[in-house]
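Over in Swiss-Prot, the protein carries these features:
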type	residues	note
SIGNAL	1-49	signal peptide
BINDING	128, 431	Cu cation Z3 binding site
BINDING	254, 257, 265, 271, 322	Ca(2+) 2 binding site
REGION	302-322	region 'Disordered'
BINDING	492	Cu cation Z4 binding site
REGION	540-636	region 'COX2-like'
């Protein structure tokens, strides 16, 4: 259907579904954009869905495996989800910042050690999952994820798909954008703190306009998961990315005004991309030219402009107002800043940044080599490795394919159409990711577009709707939509890796550090975790040790006193993959997973006298129902 043709619904009611969504978005932003996007599209406005034969490329037959792993942020569910691509089948959920009843994450002693002091928070808001790299390629060792809600960053071991470290970032609020050092390997995890706060933030002032109100750019040591350094910036920080040399990182800023309301944050016609020179930051720290803030010992370097002069470690590149996504092209040539309130994307030539820092360029805008007009509400850009970029247009509800080289030519004044195609998506897309797109191996096979609204695409589920993650075939010249995938609240982003890049364990290693502290506790008690079924009392603290082998626990009953603090430690002796056991103490809020060769423990108070049954919560055997026992609690 062309734009000029009205549907019967439009004739009757004035607006169709797409028109309503577009009008709603434009109400809040069109006046701020100030210009319509130009450029032609190869296909029309209506979604180009793949035919049946083409859709079969995304079908994975029963018993067959997907070509890619996909790791989805779980948004404010606080978890990470693992999907197979292209089937879009959910394979696993990895609890991170949330409490998970199925596995006992947030309840077990092992998970509480990982959560540390932040275990007091029962929520999280995951946005940006990223896989560790070596030489610009995924090495499959770790996945890192941010928590915007409680200013944390977590690391997930991909061999066992479990979170093993969490760090709370000091001196900041709301960790949002997160990216990794790509070469020579992931030594740093870079993350943006979004909101400006006063320093010290102790209630002595609420003024955010002065020099003592700011936010910081943060670098985390990927191995120790300790904050290595921080950089004070002008304005705020949104999204970030790293180059392929290890020297430059860049972040978008949408609040250069340091405003506290919507109108104020959109006042300036230009905001900026701030570029960080990583070796220069390290040199400043080595030379002791840093401060610390509050009780934190993290080195803090000042990256703000002073008296019109740049700092040694940062440069600020003006771009159209309120930019959002920041993406590095897989050839290492460009940082792409997505306009959001401008219909443009700004292409920053990474090779010119050295001259910018050296003072050889008169204007920081001299590093800009392209600024294509793409459509309304460009948010994020991904790449196919063949010289094309794909940008989500939130207001237009489209994915636009455009050519990087042609956009550069157009910026120089040539009459060239850089737009290859526009594809309707459903509806209001945010992040998008192509297969291997954040590495030098981008292969241009699939794109996942994470659309924020599903509206009428699925069976109704009441007032709360799922989001819609759409799979698009980009292997040919034309983009083709092949799959709609409903997702629960609220994935922001995903990352896609080849299945051969992720090496998982089938059963636990008995020497695994995940439960090493629990093993040490048992050794101190003289317990052999592979055979002993014993109860150790130390005052009112009782430690219950048992083994399990489907379909039985090593102890079918144990006795404690009312008010005792009870720690149950179980070791699963099964050596066959997928024979996971569980432990639930009825009416005590106690549940945990014990996978093959794993040791798990959980602590609770036996506050009710009487007989209390426990059972295996995972169906591990035909006699699963009989796998149970009793805690006998003597009245105090």
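Placed from the backbone N, Cα and C atoms, the Cβ positions cover glycine too.
If you check the binding-site residues 128, 254, 257, 271, 322, 431 against the residue listed as 'Cu cation Z4 binding site', the ones with a Cα inside 10 Å of its Cα are 128, 431. Residue 431 (Cu cation Z3 binding site) sits 16 Å from residue 322 (Ca(2+) 2 binding site), counting Cα to Cα.
Counting other CB atoms no more than 10 Å from each candidate's CB, the binding-site residues 257, 271 peak at 271. Looking at the region 'COX2-like' (540-636) alone, the prediction's average pLDDT is 98.
A Cα-Cα distance of 26 Å separates residue 257 (Ca(2+) 2 binding site) from residue 128 (Cu cation Z3 binding site). In terms of DSSP secondary structure, the region 'COX2-like' (540-636) contains 3 helix, 54 strand, 40 coil.
The record gives 254, 257, 265, 271, 322 for Ca(2+) 2. Within 8 Å of the mean position of their Cβ atoms, the other Cβ atoms in that chain belong to 235, 236, 253, 255, 256, 259, 266, 267, 268, 321. Cβ environment of residue 265 (Ca(2+) 2 binding site): 254, 255, 257, 259, 322 lie under 8 Å away, each six or more residues apart in the same chain.
Taking Cβ-Cβ distances under 8 Å and a sequence separation of 6 or more, the neighbours of residue 128 (Cu cation Z3 binding site) in its chain are 73, 145, 146, 176, 177, 178, 179, 239, 492, 493. Counting Cβ atoms from all protein chains shown, residue 254 (Ca(2+) 2 binding site) has 22 others lying within 10 Å of its own Cβ. All chains included, 23 other C-beta atoms sit within 10 angstroms of the C-beta of residue 322 (Ca(2+) 2 binding site). The Cβ neighbour count for residue 431 (Cu cation Z3 binding site), using a 10 Å radius over every protein chain in view, is 24. The secondary structure of residue 492 (Cu cation Z4 binding site), as reduced to three states from DSSP, is coil rather than helix or strand. Broken down with DSSP, the region 'Disordered' (302-322) shows 0 helix, 10 strand, 11 coil. Counting Cβ atoms from all protein chains shown, the residue listed as 'Cu cation Z4 binding site' has 23 others lying within 10 Å of its own Cβ.
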